[in-house]
Amino acid sequence: MKQYLDLVKHVLENGNQKGDRTGTGTKSVFGYQMRFDLSEGFPMVTTKKLHLKSIIYELLWFLKGDTNIKYLKENGVKIWDEWADSNGDLGPVYGHQWRNWNSEEIDQISELITELKTNPNSRRMIVSAWNPSVLPDTKKSFEENVANNKAALPPCHAFFQFYVASPDLEKGETKGKLSCQLYQRSADIFLGVPFNIASYALLTMMIAQVCDLEPGEFIHTFGDAHIYNNHFEQLELQLSREPKPLPKMILNPEIKNIFDFDYDDFTLVDYDPHPAIQGSVAV
């Protein structure tokens, strides 16, 4: 996937060597953007194999408004284990903010769907996970923050906005096209970004379907985009591999409510990636 490999090259060639919260050290850039036309295939990195099951179940978990890893673990997903407390709780992280902002029954996802259906020209179709009132105290442990009703981690993918392009009648288009732009304040390029691309591309496709729209673009905008010092070798290996054609994601066309999707409603076709590459998570 050229856009992703171009990002990797850009950071390796132009990045600033910096320290970081985890003590691992990074090479990073500030401000970068990638664009993916979803009509050209599903943007799933092919220069290493991704664990699609984790991507889908995590997104469904967000949409449920869940913040306990029990659902993830029951479905074989371990990507949040390092940050949960002894009960599996993570505090008011993504799902809580998306569906129950400040515990005041502000359901941003439901409000977004309503706005897309009734006022698609709106410039206010934004979902925010960045809530300063629940950001963790950096001097305290994950467990202490959760006990104090704070998030175990601040959101990396902070907020996203949707845009509906009117159909081009001269081209025979009958439906508007839905595009999504994500602002990601902090991006782990080797481990996190491939997941984030696939997750938000999939979310865009799901919302387009339930709003009777066609998927347009996924636009990925970064703040601090970084490569951890212990991931250089893995990314050089990816750069040495020839990208393969993008797969196609098929959604169950019977689903008309964003909250009715289940794991079996997604079928990825023609995904033929290079072998997986292991890398340590910076905690």
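Along the chain as shown, the residues are counted starting at 1.
From the backbone N, Cα and C atoms, a Cβ is placed for every residue, glycine too.
Here is what Swiss-Prot says about this protein:
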- C156: active site, nucleophile (ACT_SITE)
- R21, R123, R124, R185, S186, A187, D188, N196, H226, I227, Y228: dUMP binding site (BINDING)
- H51, D188, A282: (6R)-5,10-methylene-5,6,7,8-tetrahydrofolate binding site (BINDING)
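For S186 (dUMP binding site), the number of other Cβ atoms no farther than 10 Å from its own Cβ, over all displayed protein chains, is 19.
In the three-state DSSP reading, R124 (dUMP binding site) counts as coil. Of H51, S186, D188, Y228, all annotated as binding-site residues, the residue with the shortest Cα distance to the residue listed as 'active site, nucleophile' is S186.
Sorted by the number of other CB atoms within 10 A, the binding-site residues R124, D188, Y228 start with R124, the lowest. Residues near H51 ((6R)-5,10-methylene-5,6,7,8-tetrahydrofolate binding site) in space but far in sequence (CB under 8 A, at least 6 apart, same chain), listed by position: A276. The record assigns R21, R123, R124, R185, S186, A187, D188, N196, H226, I227, Y228 to the dUMP site; their largest pairwise CA distance measures 36 Å.
Residue environment of the residue listed as 'active site, nucleophile' contains 18 other Cβ atoms, counted within 10 Å of its Cβ in all protein chains.
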